[in-house]
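Below is one structure, written out as structure tokens; the observations come after it.
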Amino acid sequence: MTELDVGAATGPPKGGPRRVRTRGGPGVPLPLLLPALIGLAFLIVPLVALLVRAPWRSMPELLTSAEVWQALRLSLVCATAATAVSLVIGVPLAWLLARVEFPGRGLVRALVTLPLVLPPVVGGVALLMALGRNGIIGKSLDDWFGITLPFTTTGVVIAEAFVAMPFLVISVEGTLRAADPRFEEAAATLGASRFTAFRRVTLPLIAPGIAAGAVLAWARALGEFGATITFAGNFPGRTQTMPLAVYLALQSDPEAAIALSLVLLAVSIAVLAGLRDRWMTAG
Amino acid sequence: MTETPDTAHGTRDARAPHRTPDARGHGPDGSGTGLDARLVVERGAFRLDVALTAAPGEVVALLGPNGAGKTTALRALAGLTPLSGGHLRLDGTALERMPPESRPVGVVFQDYLLFPHLTALDNVAFGPRCHGATKASAREQAADWLGRLGLADHAGAKPRRLSGGQAQRVALARALATRPRLLLLDEPLAALDARTRLEVRSQLRRHLADFEAVAVLVTHDPLDAMVLADRLVVVEDGRIVQEGAPSDVARRPRTDYIAQLVGLNLYRGEADGHTVRLDDGPSLTTAEALSGPVFVAFPPSAVTLHRDRPAGTSARNLWHCEIAGLETHGDQIRADLRGELRLAADLTTVAAAELDLRPGAEVWATVKATQTHAYPV
């Protein structure tokens, strides 16, 4: 970052292959600098455009509409619930992967990471096959308990957790692997059962990693679109989260879409700022 | 030191005189008090097989080079490494199938492993808490232990704010707070700098002397072992090569490793009166008159070097050698000699300069018979 800033400040090259000097460092060769600057612009320009084109004058009006608040509240509630679900079942899963040797552990880890690379829409379809009214589990849930998950707010939470939990598991597992397992041994020699050792020693030690993983998962859940619209649909007030609202608004009211996007951008920046310290320290 | 005595030899003999059968009180069925263990751990090509017994109140040091299996033995005692064979009884109770958390064993780890998120007090209270004490009672016990170890002022400190010596004492307090019947210490002084070490060593000695159950410590430092332990068990390559009181092991080493540790030249040979014919070298004249297989030891300081063959010397042990290497050893110079006999010799810097010693130089080495010490294998 600093190198590029300094480079930009030095002004554009005036004829001939000039090298941009950085403070104390070696020169940055042009074949690297040019693509780097293009890359930077590629990432930043769209966000700048969003700010430039924002209907600042009508913004208060757009943002105070009932639909926006409804969607924002639903998004926050569902992302938080999905993160909570991920914590409750994801942290023990990460512990299992990091600390217990069992046959097929590599395969299990691969399966856990699969939703990371799986197109979210496919995840949504898969969830329908499992938990939909005619799904392999959903049918029984419906028949025996009268519980229907798809196209409900609970469905939104499930879809978001499905997509976001792998981020948490990977992050926590990495922290666990980096943490010295001998602390657990020390706890055992002091009379702690494995669960007590986990609760009183391991958990506090990996708390930064859990927090980082939770924030990542929360951010991923907040932006979730594909799996949510496939599994939970797009019903305002029930399953229409912010990203869905943005997409819908873009068809009818582009200004509203920009306003909603800005809200999500602001939330993302807030998350990033909150994460920055953790990011550096957590493995 | 061309000699590598058969390490398994003499182990029993060495141990027998130092046993205190009255203090031990093992019944023939293995019941009784103290530690009675044979630890067998197989891991790939490495095999640990050591028999350990100790009476309550006794401090046993496992001494050996890195990779000898000392720490593995300690982990096996604590239950952190499963036994492949053998047995482990403590005060008559079989422990080998017990998980570590159920064993009445306390461990002071090499780098202490104090829980970084807990204060010194809560670190020490952790054990009593796990053993069912209420929070208040556990903290009371912990405060008591910290007080005993002179750490009352540091009860509220997190481990990273403690000095090395303080952390070591907190680790000791934490291990003692569960009132173990077997206390294990893994290189308890290795993490300390030289000055702290001296102080902590004498403190630790006091605390171990007060400890009423069995203590086993692992170290590669002979001084730590000699100061802290009542009995040394020397482990090399997963086996016990020598056992005995520290002074005895130091005076009568049975392997090159121990001889080097305590700074002695060690040879093995066949004694006939005052003459010992070395297994693959010349003869040595000794002060003691023995017969049969013996070890002969003498310190490097007993060796005198001459540039020319000395005439009329009273030393009967005279060898022609070549200097293979020189290094400073404290305020002395230690010469590594090869030739008729391989040996180490200590001399002052002045003497080394006068003799114009340099690697490759030829010298005559003499040792007075009275400076040697011979003992049966």
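Just so you know, the numbers here start at 1 and follow the chain as drawn.
From the backbone N, Cα and C atoms, a Cβ is placed for every residue, glycine too.
Where the annotation comes from TrEMBL, it is an automatic prediction and has not been curated.
Positions annotated as domain 'ABC transmembrane type-1' by TrEMBL: A:72-273.
Annotated region 'Disordered' per TrEMBL: A:1-22, in sequence order.
If you look up TrEMBL, you'll see A:28-52 (among others) marked as transmembrane segment.
Packing against the transmembrane segment (A:72-98) from elsewhere in the chain are residues 105, 108-109, 112, 153, 156-158, 160-161, 164-165, 168-170, 172-173, 176-177, 198, 202-203, 210, 213-214, 217-218, 221-222, 224, 237-243, 263: each is 6 or more residues past its ends and has a CB under 8 Å from a CB in it. Residues or ranges marked as transmembrane segment in TrEMBL: A:72-98 (among others).
As annotated by TrEMBL, transmembrane segment applies to A:110-132 (among others). Beyond the transmembrane segment (A:110-132), the same-chain residues lying 6 or more positions past its ends with a Cβ under 8 Å from any Cβ of the stretch are 93, 97, 138, 141, 149-150, 155, 158-159, 162-163, 165-167, 169-170, 224-231.
According to TrEMBL, the transmembrane segment annotation covers A:144-172 (among others).
The transmembrane segment annotation in TrEMBL covers A:201-219 (among others). For the transmembrane segment (A:201-219), same-chain residues at least 6 beyond its ends with a Cβ under 8 Å from one of its own Cβ atoms are 79-80, 82-83, 86-87, 90-91, 95, 164-165, 167-172, 174-176, 178-179, 183-184, 186-187, 192, 268, 271, 274-275, 278-279, 281-283.
Taking Cβ pairs closer than 8 Å, the transmembrane segment (A:256-275) reaches residues 47, 50-51, 53-55, 59, 62-63, 65, 68, 71-72, 212, 215-216, 218-219, 222-223, 242-243, 245-247, 249-250 in its own chain, all 6 or more past its ends. As annotated by TrEMBL, transmembrane segment applies to A:256-275 (among others).
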